[in-house]
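Report on one structure; see the data block that follows.
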Amino acid sequence: MTTVLAIVIFFITLTLIIWQPKGLDIGISAIIGALLVIITGVVNFTDILEVIGIVWNATLTFVSVILISLILDEIGFFEWSAIHMVKASNGHGLKMFIYIMILGALIAAFFANDGAALILTPIVLAMIRNLGFNNKLVFPFIIACGFIADSTSLPLVVSNLVNIVSADYFGIKFVEYLMRMFIPNLFSLLASILVLWFYFRKSIPKTFDISSISEPKDAIRDTRLFKISWIILALLLIGYLVSEFIHIPVSFITGAIAVIFILLARQSNVVHTKQVIKGAPWNIVIFSIGMYLVIFGLKNVGMTLILADILSSIAQHGLFSSIMGMGFVSAFLSAIMNNMPTVLIDAIAIDQSHAISSIKEGMIYANVIGADLGPKITPIGSLATLLWLHVLVQKGVKISWGTYFKTGIVITIPVLFFTLLGLYLTLIIF
């Protein structure tokens, strides 16, 4: 009976999160699920404490990074960067396509996939419309912004909430994670550029007139804060690198930097700090705790052991098969039931599997790659994608779920394969 309850509660929670009836917040949906598993006795008080211990650092780090990115957006930092990329293309369509993806990859690395997709996309959309592109020409650039935000959100622990949760679960330190995922991220970037170019090659204009694009300096709304932002970024990077050596949770460092930046931004006329703070994804904290408790319910009734047995079987076929198998399992599960519950279920199953340590390491990182890229197959793969599609509708661009799936599955599978190949080469060479 307990097993049935755990499964039913999981699917009820998942349905509420994806469907969001009457705008029901994802945090509330996850808490409803959490309360149900607590009331029914599927999880206990010890589980609650364990879950909070796992997710608090991850979620607070994520919120801090998004806060910093929102202030940077307010002062025109990302628009300034995007204009530079367009100007650098010198009127060459393919160059602009590639440069925008490189910019998206950089933003995703340092400010998470959500920041890259939700901040960069409206900026790029406004610029290419200003260039006089019709809807057929707009589509490749919009898809590229959304895709690259996830496909290159691998290199740093903070680049994706999925990364943070998995790294915290397995106790992976910042530098250790970077050393393993830097090369796979490069493979993903190169594969993304090649696959997206091949798919959209007939829709990318050969040339365009850049005379209508304003100068980069015109995008800067607060020169003082713009200059300070470079110091903030330097401190952020240093903080990432030294956090594990000084044994301070990375959320303390990112949180402190975010608070300092907010206090400095309060003196600016262009940054509305109250709106920035309100716009941060605080519901992610509640969502993560609630969703994790629901997943722990599945673990407690032995459901994750089924997946663990499957992974143990895959592990017997060697490192390459283990990485590919885990990566594609994670990707398709993410596409079907969202990447957050997927990465949690997979992480627990990997931990419970009988794979040897070297194989298990490959599976841990392959799970992250699959959960980062898998959401590009379907709109429900990640909460960020659903929000991204909603933002596009508000901007007058409607992408149907059918169009998204038809495009997403063709683009994602080859990129996923080459990214996992990059991980395999990293682990056998280094």
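Residue positions begin at 1 at the first shown residue.
Just so it is clear, glycine is given a Cβ too, placed from its N, Cα and C backbone atoms.
On a predicted model such as this, the values are computed, not experimentally measured, just so you know.
Now, the feature entries from Swiss-Prot:
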TRANSMEM  4-24  transmembrane segment
TRANSMEM  26-46  transmembrane segment
TRANSMEM  51-71  transmembrane segment
TRANSMEM  100-120  transmembrane segment
TRANSMEM  138-158  transmembrane segment
TRANSMEM  181-201  transmembrane segment
TRANSMEM  223-243  transmembrane segment
TRANSMEM  245-265  transmembrane segment
TRANSMEM  276-296  transmembrane segment
TRANSMEM  317-337  transmembrane segment
TRANSMEM  373-393  transmembrane segment
TRANSMEM  409-429  transmembrane segment
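Counting Cβ pairs under 8 Å that are 6 or more residues apart, the transmembrane segment (181-201) and the transmembrane segment (100-120) reach 3 or more and are in contact.
A Cβ distance under 8 Å defines the sequence-distant neighbours of the transmembrane segment (245-265), meaning residues of its chain 6+ beyond its ends; these are 56-58, 60-61, 64-65, 67-68, 71, 74-75, 157-158, 174, 225, 228-229, 232, 235-236, 239, 271, 273, 276-277.
Against the transmembrane segment (276-296), stretch 51-71 has more CB pairs under 8 A than any other of 51-71, 100-120, 223-243, 317-337, 373-393.
If one looks beyond the transmembrane segment (26-46) by at least 6 residues along the same chain, the residues whose Cβ comes under 8 Å of a Cβ in the stretch are 2, 5-6, 9-10, 12-13, 16-17, 20, 282-291, 293-294, 296-297, 300-301, 383. Between the transmembrane segment (138-158) and the transmembrane segment (317-337), the number of CB pairs under 8 angstroms, six or more residues apart, is fewer than three, so the stretches are not in contact. Proximity of the transmembrane segment (100-120) to the transmembrane segment (373-393) is established through 3 or more Cβ-Cβ distances under 8 Å for residue pairs spaced 6 or more apart. Using a cut-off of 8 Å between Cβ atoms, the transmembrane segment (317-337) and the transmembrane segment (373-393) share at least three residue pairs, counting only pairs 6 or more apart in sequence.
Distant neighbours of the transmembrane segment (4-24): 30, 32-33, 36-37, 40, 42, 287, 290-291, 294-295, 297-298, 300-301, 303, 337-338, 341, 380, 383, 386; these residues of the same chain sit at least 6 beyond its ends, with a Cβ under 8 Å from one of its Cβ atoms. Sequence-remote contacts of a segment are chain residues at least 6 beyond its ends whose Cβ falls under 8 Å from one of its Cβ atoms, and for the transmembrane segment (373-393) they are 17-18, 26, 113-114, 117-118, 121-122, 125, 142, 146-147, 149-151, 188, 330-340, 342, 399, 401, 404-405, 408-409, 411-412, 415-416, 419.
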